[in-house]
Structures are given as C-alpha cells and as structure tokens.
Amino acid sequence: MVALLCSTSLCGDITVTDTFLLSNSKGKCYWRRDNLVTGGLKLHALKVGSVFHRKKQWRKAMRCRVVSVKSSDFSVSMISKTLKSNSSSDEVTKVLTSMPDTDSAFTYFKSVAENPNLLHTTETCNYMLEALRVDGKTEEMAYVFDFMQKRIIKRDATTFLTIFKLLSVKGGLRQAPYALGKMRESGFALNAYSYNGLIHLLLKSRFCTEAMEVYRRMILEGFRPSLQTYSSLMVGLGKRRDIESVMGLLKEMETLGLKPNVYTFTICIRVLGRAGKINEAYAILKRMDEEGCGPDVVTYTVLIDALCTAKKLDCAKEVFEKMKTGRHKPDLVTYITLLDKFSDSRDLDSVRQFWSEMEKDGHVPDVVTFTILVDALCKAGNFEEAFETLDVMKEQGVLPNLHTYNTLICGLLRFHRLDDALELFGNMEALGVKPTAYTYIVFIDYYGKSGDSVSALETFEKMKVKGIAPNIVACNASLYSLAKAGRDREAKQIFYGLKNVGLAPDSVTYNMMMKCYSKVGEVDEAIKLLSEMVENDCEPDVIVVNSLINTLYKADRVDEAWEMFMRMKEMKLKPTVVTYNTLLSGLGKNGKIQEAIELFEGMAEKGCPPNTITFNTLFDCLCKNDEVVLALKMLFNMMDMGCVPDVFTYNTIIYGLVKNGQVKEAMCFFHQMKKVVLPDFVTLCTLLPGVVKAGLIEDAYKIIANFLHNCADQPTNLFWEDLMGSVLAEAGIDNAVSFSERLVSNGICRDGESILVPILRYSFKHGNPSGARTIYERFTKDLGVQPKLPTYNLLIGGLIEADMIEIAEELFLEVKSTGCIPDVSTYNFLLDAYGKSGKIDELFELYKEMSSHECKPNTISHNIVMSGLVKAGNVDEALDLYYDLISDGDFSPTVCTYGPLIDGLSKSGRLYEAKQLFEGMLDYGCRPNCAIYNILINGFGKAGEADAACKLFKRMVKEGVRPDLKTYSVLVDCLCMDGRVDDALHYFNELKESGLSSDVVCYNLMINGLGKSQRLEEALELYNEMKNSRVITPDLYTYNSLILNLGMAGKVEEAGKIYEEIQRAGLEPTVFTFNALIRGFSLSGKPEHAYAVYQTMVTGGFSPNTGTYEQLPNKA
C-alpha cells in the first residue's frame, strides 16, 4: 500500500492501495516509476507520520470526490488478505503508514505483533510511537515500548526522544537521568537491554556524566550492565583522564560476576599509561596472563606507548621483542609508535632497526612513517639523507605532506640553516603543499630565539590571520595588542601560560604586561612583576623601569614614580632620554611646570642631552598649562641646540595658541610652518576646530582646500569623519554644519556621507534625535548626498534608542524602496525594538522576513527573538526556538542566549530546567559569567532555596568568576528572608573586604534583616556607618525599615528619633512611614501617640490606607 499526497489545493491526504483503481472524469490512471499521474492530478509519496499529523487534511480528503474510501475498507482482515504470510518488514511498514487513523494503525500493529510470520522493526515501532504520541495515548505507547524490549527490537535515539516528548522532557537525550523517573511513573519500565542501549546512546553523544548517572540507576534497580557497556563507559571516562572511576568500574563489574575481556583490560592499561602509572599498567598485564585473558597486539602497542612516554625505552624494546617471538606480531601501528617515540629520543640507530624490521614484516611505509624517519634524520643533523628520503617517497608513490615539510623546516632551523629553510618554505606551494599558521610560527620561534625581533614581527604580521602558536615572540606580539586594548584577562592567560609551554618571560614580555596593568589601573600588579623579574634571574633593564615609572605616573602615584627614578642608580641603570621624557610628561600632566623646566635644564649636565621628543614633551607640558609664550621662546633654543623641529613640534604650538584663544596667531604660525615642514592631518584637526569655532568658515574652507590641492592622494572617508569629529567637539553643531555644507556644496568633499555620519552621531550622542533627522533630510534632499546602508543603520539605531520607533520604521521602508538591501544589523535594530516593546507579532514577522530576503539571522538576531519571547512570557516558545537552533548545528550560543532563558525559567518557578540549561552551557563552548550566575542565584534565592544559592556562589568563585555587587546583594537578601542573618552578615562583610563598593540597597537589605531578627543594635551600627560614609547615604527605605523594626521591638522613642532624622535629611515621609510609627505606638500601649501620628499624617495631606486603620488601636 502506498500513501499519496494530492498536489492540488482541493485535496488533503489520500490513501489508496495498489488494488484500487483511481479515476476522474478527465483522464485515465497509469503508473510510472517516479510518480503517479492521473489526468490533470499529480500524487506524490507521503512521508511517514504525515497522516497522523494532518487529521484535518485527511477528513478533507475523504470529502473529495477524486477518491472515496471508507475506514471500514481498512479492516485488519482485509489488509491481512493483501499480505502474504512471509511479507517483508518493508511491506509491513508500507501498510502501517497508510492507515487512516491511529486506532486502525495500532490494531494492525498488534495483529502483526501476534503473527509469528510477520516482523516489526525499529522503524515500524518508532512510527507507531510517534502516532500514539500525537494522540496522547500513553498506555498504548508503553505497550509498544515493552513489545520492543521483549522482542529485542533496537531502541534508538528517536525511540527515547519520542517518549521524552510525550512526557514534556526538553533538552534531548541529555535529560535521560531526569526522564527515567517520569518514564517509570508513566509505565515505561526499562529492562537491562534498554538501559545498556540508552547508556551507549549517551556516550555516543559525549554525555559521559549522564551516562554514569543512568548506569548508577541501572545498578540500583538490580540490573547487570553488559561487558560492552562497561567497556564503553571506561573509554568515555578514560578520555577525561578519570582513572579512579575507570578502575572503580573494573571492580564493580567483577563484583557483579562479569569477567573482563582483553578489550576491557587494554582500556585500563591505556588510561594508567597516559597517567604515568607504569607499575599499575604492568600489574594489569600480569593479571591478564594469570586469568587466561592473553593480551593482543593492541594491548602491547598501548603498553609500548606508555613505556616510551615514561622514558623507559629499554622496557619498550623488551615488549617489542616479546611480540616478535610471540603469536601477536607487531602491526603497522606498533611500528609507527616505536619509530615516533625513538625519534623523539634522538636514537637514530633504533629508528633504522625498527624501520628494517617493519619492512621485513611486510609493512609498506606510508607518509606517516616516512615523515617520522625524516624527523629522526634531521635531529641527527643528517639533512642530505633527509632530502634523499623525500625523493624515495616520491619514487614509491608516497607524496610528502604538510607535516613532512614542517618537520624538515624545523630540523633545518634547529641547525641554523635558515637559507635552506626559507628556500624550502618558498617552494612548498609549487610542490602542492600550502603553508599553514604552524609553518609561520616555526620561523617566528627561530627569529625570536636568534634575537631578530624585526623579522619575527614581520613574519607574525604575515601569519596572524591564520593563528598564533605559543612561542615567546608570538606571545609578546599578542600581549602588545592585548595591552593596548586593556584586555588584562587574556593577557594574563598568555603570560601565566608561558611556563606550561616551556617558555620564560623576557623583558619585552614584562613590559607588555606592565603596560596592560597600567591600562586597567592595576599598578600594584605591575610593581610585583619587577620583583618577579629579579627572582627569575631576569635582570630588569632600563626599558622595564621606564615603563614602570610611566605606569606609576598614570596612576597618579607621583612620589613612587620619583622613588623608582632614584632607585635606578642602585640597580646600576643609567637614565636614558626616554626616562627623562617620561618624567617630563608626568610633570606636565600634573601641572608642575617649574619642576619640568628644572629637570629639562639638568639633563645636559648629567650626560643625557635632550632630543626633539624631549622638546616636544616640554612644549606639550607648557601649552597644556597656558604657557604657550614660553614655549615659543624655547622653540628658538631648540634650534640653537641642534634639534630640528618636526611636524609634532608645530602642531603642539598651534594647539597652545588655539587653546589660548589666539586663533589668528595660530593661522599665521601655520603659514610659517608650511615653509619648513608639510602640515599633516593632525595639523588640520588641531587648527580648523578653532577657526570654525571663531566663525571664520571661509578661512577654514581655504585652508583645507589648499591642503587637499597639495595632496597627491584623495582623502579617505576616515579623514573626513575624524576631521568633523574634531570640529564638532570644539565648534559645536551649528558652526560644524555650516562648515560641512560649504565643503559638500563646493565639491571639496566628494563623499558627503563621510561628513554626514559624524554629525548624525554627534546629534544622537547629545540627545537630539529630531535634529539628526532634520540634518539628514537637509543633506540628502538639498545637497544631494546619497546615503548608504551604514548611514541608514546609524540613523535607524539612533532613532530606536530615542524611542522613535515609528520614524525608524518609515526609514526602514525608505531603505528598501531605494534599492539598498538591509543587512543583519538593520534587522537587529528593529528586532530589538519590537522585543523590548512587547510587539511579538511584528518581531516574528520581521524575523521571518530576514530569511526570505536572503539576510541570514546571526546569533544576535536569534538572541533578540528569544529574549523578546521571554519578556512576553512565552518561555516555552523561546526554549523551542533555542533547541531548534541547536539542532541545526550552525548556531553558537552565547551568554546573551542563556541569560534570558535561564531568567525566564527561574521566574516561572522552573528552577530544575534553568539549572539543566546552565549546566549545558559549557558543552557549547559558552562559559557562564557573573551575570548568568546572578540570575540563577537570584532564582534559587527567591524560591527560598538559600543553600542552593550559596552553593552556586561557591562554585562561581571556584571557577574563577568574580562576584559583583549584585551577587552579594542577592545572597544577603535571600539569606535574610530565610532567617539566616549570620550567614547574610558573613557575605555582607565579605563584600566590603573584596574591594567592591557596596550601595544603599545592600545596606538596606542587611539593616532590615537584622531588624526583623531583633538585632537592632547591629542594625543601628550599619545605619551609622552609612551616615558616616562619603559615598552611601541612607534613603527613605533605610529610615522606614528602622522605624518599623524599632517600633515592633517596643523602642518607640528610638523610632521617633529616626523619624526626626527623615525630616532633617529633607526626605518626604510616606504612608508606610506613618503606618510604621502608628504600629509601634499601638504595640507599646500608647494609643494617644498613635492617634497623634494619625492626625499629623492626615493634616499633612497623606491618605490613610487599610494598613493604617489596621494598626490604629480600638478607642473603645
């Protein structure tokens, strides 16, 4: 029987048998191999399961007059007649998938199950399970699953996932440990065969931890795992280097009466050998002989590898000889292992011996064995034979690969044969092999160790786009870029990881790290590095000390910087001109002009005459401190001392004149400058903002026109953007726009968009989105500027940020109407706006539009959609989208993916699912950060599970994630709510000791917790601590909390004093304040005071609420 789908719009699913005639009024029916054509109708093969997913279409098909078939026609007896007693499983599947409804299908399924001549397969059972799941028939599904177990029909991943779906277990196979409990409750009881299969499925998916959990449950339920299951678990644990668990499994299987086989023992030997436990590995080998389970060739090879790794080469040879004389002869893998290990030990004679033995045993050398031989020859310095080996390879039809050439290059560089290595490197592509990052790194390592840093850095620039290997030159170059960006975490990882790869930091490395620490303000860490240099016998040089002086100055630790300068004599280091320049720069930043001049004048006396950079540094100091006149006088001294002014000199003087309001003098100096040196871009950015600010638009226009006339090349977009950025910052928006219009209208700036962009950016930054839109229309409509997509994106993003979504939508339509294709950034701006405003329908409509317009959503797009769904309360839809994306395989989740999902689950009370999602982050290469931990800790805290929250806190600290203020605040809050005030106080004090700044919220939480526990003295101590702080000031919540808790403790006088503090602080009390006072007086038996507060409250214009009347004492 074949299920067919009508392609017309009138019909749904139609099921026919090959015994039925298909007809219509227009044509005859005839068969083809590829499809069935009936006149004007085409019928296509229907996919398995679609009948049950499309019940409505089925009923519609039954009403269609093309084919009319009643469900009674599909009775089991009729179908049985169409099948022979020896029908194949494919025919059973064909009949089963053609059933019109689930009940008919299940009846047929059971009839086949009872017929010994018919056969069910995994396919038919899974099909039946899915059909039953759609109809929610749990008992029938349990029947099918139990039938599969009894008939030993393989249960694959689809089998379990279908049942998981029925039981609303999300997260795939990884949720198996959790799902097993729900399966048992619903009647799905697993037998030993099913447990073994499930464990193998989990291990196949690399879910080793979950596989062990299922294994433990299997044991608890009294089942005995198979030998294959134990072996698979051992392999999985062995990959994790979990020796204890592997050996534990070996003992457990023997306790259950299972006898280990050769494969099991070999796994144990491999795990022990890799851990360096050679004696224990030998003990396993001895035990194999004693138990009559003789080792095979794999066992011996594994043992040889372990012995060689442990440098026990003689023992490895003994094992090899034993193999030769025994019945398990060495195979090619054995020889490769021996050749490789003895080559590493530079034992060329042994390598030749093993090579000869390998050929005698009939093993033909391949590219792997030849490359090992080349490596051994290179290590012995026998390069002539190494090159001859390449020729032998080609003669035998074995082509050298990338590893072969890299090995030979390494060998040549090891013996300082650089020219030969470079020649081979240059010929690699002609030989059909393209160099990779590793090839470049080999040369970087050589240049670094040879002291040729220039060549090292040049080579690094050529290969950095392909990756960086751990050598000192590559690390230093990496540290430089990281230090410049202030990315101290990555820099620390590289710096402290040097020892792991056998490299020692040099002066450049320390300098880069100090620069990095300076960038992020960690001056003390920089000082520690100086001590570390001395301890590691790495003598500090003047470059390192200069860097440290500069770091101290930047940290405003001027005295320590000068102390370091004075210590240079003790360290036998002579200050260089760089040292003085650093000190002059520091003095200038601190406005110490006189000290700077004195230091400058003393340089020549100490044998260190100033250079041009020294003068420029001093000029910079003078000009920034309004001493431009003195700078002009010293300019003549500079020439007298033989130092030639450069463009930086003139730019600095121009800056001083402009800063001093002497714009016309600056213009005159600029014209004098052109006679000596050519102005540069910095000159324009220094001079023009002042000229434009003074309203001299025409002068500014002439200056830039003349500058561009003398330029050989046309300026780039970046030139105009930076120039306009400087003009905007100094001259303001109005003058800048006037200047820009002059440049665009006269064609000086051919690309008006590069001028428009910084103006738009400036307008948005200064809170004027309407002005940005007006300027955009002026430039595009009046001046004819043609905007491109980046400009549209800037405008759309700015308008959305200003909550002008409708105008942004109009602009989005304009983008599409002009033929400009929106990119993923354009869509993401609008997606984010819809998500944050709760417009879910518009969000999904735009999300779908992206794909239809060939603009593939990126990770940010997906994250925005999931976040929007969570905010709208559709957590399950967000999770479904997440699992769909994960299943596709192209999606790489980030912390921004997991944050909203975990938060949504936590707030929905689904903490178990939130924790499971959190645990799975690392599997997708996503390390939880502080924000993720905070979300989960807050979820457990709000749910009253303070212990779980504390465990998460300890875990985040252990994993190197630094808690922030919110982390501590959440912990303090949940512990106080749980009545564990001492624990809360512990974390509160830890917060203060951690270097993080507490805030009023955290203080309020702690004060309220202490107050509720009647520990009022401690609460008042914290209150006084807040009052004495320069940073934290008590707010109304602080006062209300104290009034309430003091009143409840009967300390109404103290509560009254706190009320007076509110008035002195200039705060406005609320109804809660008065209610707290009324309650305190009422509980203290002072009704007249309670009513007096009530009168004050009413006359003060406050409206009592129900709480007020509940607190008032009964007058009667």
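Heads up, residue numbers simply count up from 1 along the chain you see.
For all residues, glycine too, the Cβ spot is worked out from N, Cα and C.
Record features, source TrEMBL:
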type	residues	note
DOMAIN	180-289	domain 'PROP1-like PPR'
REPEAT	191-225	repeat 'PPR'
REPEAT	226-260	repeat 'PPR'
REPEAT	261-295	repeat 'PPR'
REPEAT	296-330	repeat 'PPR'
REPEAT	366-400	repeat 'PPR'
REPEAT	471-505	repeat 'PPR'
REPEAT	788-822	repeat 'PPR'
REPEAT	858-893	repeat 'PPR'
REPEAT	894-928	repeat 'PPR'
REPEAT	929-963	repeat 'PPR'
REPEAT	999-1033	repeat 'PPR'
REPEAT	1070-1104	repeat 'PPR'
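For the repeat 'PPR' (788-822), the list of distant contacts is 753, 756-757, 760-761, 763-764, 767, 769, 772-773, 776, 829-830, 832-833, 837, 853, 855: same-chain residues at least six beyond its ends, Cβ to Cβ under 8 Å. Beyond the ends of the repeat 'PPR' (858-893), by six or more residues, the same chain brings 170-172, 824, 827-828, 831-832, 834-836, 838, 840, 843-844, 847, 850, 899-901, 903-905, 908, 910, 921, 924-926 to within a C-beta distance below 8 angstroms of the stretch. Long-range neighbours of the repeat 'PPR' (296-330) within the same chain, counting only residues 6 or more positions beyond its ends whose Cβ lies under 8 Å from a Cβ of the stretch, are 262, 265-266, 269-270, 272-274, 276, 278, 281-282, 285, 288, 337-338, 341-342, 344-345, 347, 350, 354, 357-358, 361. For the repeat 'PPR' (366-400), the residues of the chain that approach it from at least six positions outside its boundaries are 332, 335-336, 339-340, 342-343, 346, 348, 351, 355, 358, 407-408, 410-412, 414-415, 417, 420, 431-433, judged by C-beta separation under 8 angstroms.
Within the model, the repeat 'PPR' (999-1033) carries an average pLDDT of 90.
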